[in-house]
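Here the structure comes first, spelled out in structure tokens, and everything after it is commentary.
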Amino acid sequence: MLAFAFLRPHGGQDTGSGKHRHRHATQQQAPGAAGGTDVQPVAVEVVKTGQMPVVLTELGTVVPITNVTVQTRVEGYLMDVLFKEGQHVHKGDLLALIDTRPYEVQLAQYEGQLQQAKAQLAQARVDNARYQRLIKQDSIDAKTARDQEFTVEQMEGTVKSDQALVDNQKLQIIYCHIIAPVDGRIGIRAVDKGNYVTAGQSGGLAVLTQMQPISVIFTLPQDQLPQVAEQLRANGSLQVEAWDSSNTHKIADGTVSTLDSQIDTATGTVRLRAIYPNTDEHLFPNQFVNARLLVKTLQDVILVPATSLQTGPSGQFVYVVKSDNTVEVRPVTVGISDGNRTVVSGGLKTGDRVVTDGTDHLRAGTKVSIPAAEPASDKSDPAKPSAGTPTP
């Protein structure tokens, strides 16, 4: 025979199981219950009016106002190089010297020809004067006297021609002395002393770059052109800051000097040139910079911290703390921003309190608390209330 035993749980086990289920239910209910009564700590800022600069930032390139390839105008042996690479030179400084001796010899020859022509002209004029007296006495025929007048004119032309040869040769000797056409920094030497150089040879002797002042050329979209052109007409110039390529460090302050005469049809942009004194030479030719153009400054506009702006399905909004310390969702219309503060053109008024931190768990009607400001550093009088702390 088979014996069957029916086991039934003891009452103590039922009680323990019930307690376990109760604790689990309590743990699940607690967060929900707390969610309806918890006060969320937030940081707020009072909405104020202020100024907001309208700044356009575009990529620009440092371009020298004058960039000269130093060339020789005559050919010959380079006798001397009188500059050091990287040296700052001034307009009129002697940079190099080409052998002048062949040109001096040629000059002497032309001067001899000129002297001979002048002597012949003098003789022709004397003869012409004598012929004019003789023709009055009918001692010679008119043709002979007229021919002598032509001879004088021919000799005058010869003298002028020879004088031009002399002047040109003197100019060639001047060209043998290569001088700096502008102030600037001279680059790496392209030709060494002793080489034979020719006029217009590729690369020249060196490149001379004007460093002070210097310019930055940048472009603006054609849509921005009207407001920029309007401000240029009204003010005559606009301020432009040059920042480094990472846009974290300001290099120099300058002004717009030129607005190009046409829009580039390929890019839809217009070029502008800004001038910088560059006394410290922190701007270097062909350097890429960020040009920050100050178009104008908006006055008495409503400003909010950029951290207070939230984005929802219907657009941007802020949490406004009401007098009962509950929050309201307020849609706003925003304008330009400098990264820290943003212009609000609709939805807020001066004196509104907007939440700047602690927005993660907020919704309309949520109760909030605003922590008191940090106590001021005043240890001499502990009883004295600190700034931002209400007094009883």
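Glycine residues also receive a Cβ, built from the backbone N, Cα and C atoms like all the rest.
Features of the protein shown, as given by TrEMBL:
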- 107-134: coiled coil (COILED)
- 67-208: domain 'Multidrug resistance protein MdtA-like barrel-sandwich hybrid' (DOMAIN)
- 106-175: domain 'Multidrug resistance protein MdtA-like alpha-helical hairpin' (DOMAIN)
- 213-296: domain 'Multidrug resistance protein MdtA-like beta-barrel' (DOMAIN)
- 300-360: domain 'Multidrug resistance protein MdtA-like C-terminal permuted SH3' (DOMAIN)
- 11-38: region 'Disordered' (REGION)
- 356-392: region 'Disordered' (REGION)
Which residues of the same chain, at least 6 past either end of the coiled coil (107-134), have a Cβ under 8 Å from a Cβ in it?
140, 144-145, 148-149, 151-152, 155-156, 158-159, 161-163, 165-166, 169-170, 173
As a test of reading the model: what is the averaged pLDDT for the domain 'Multidrug resistance protein MdtA-like alpha-helical hairpin' (106-175)?
92
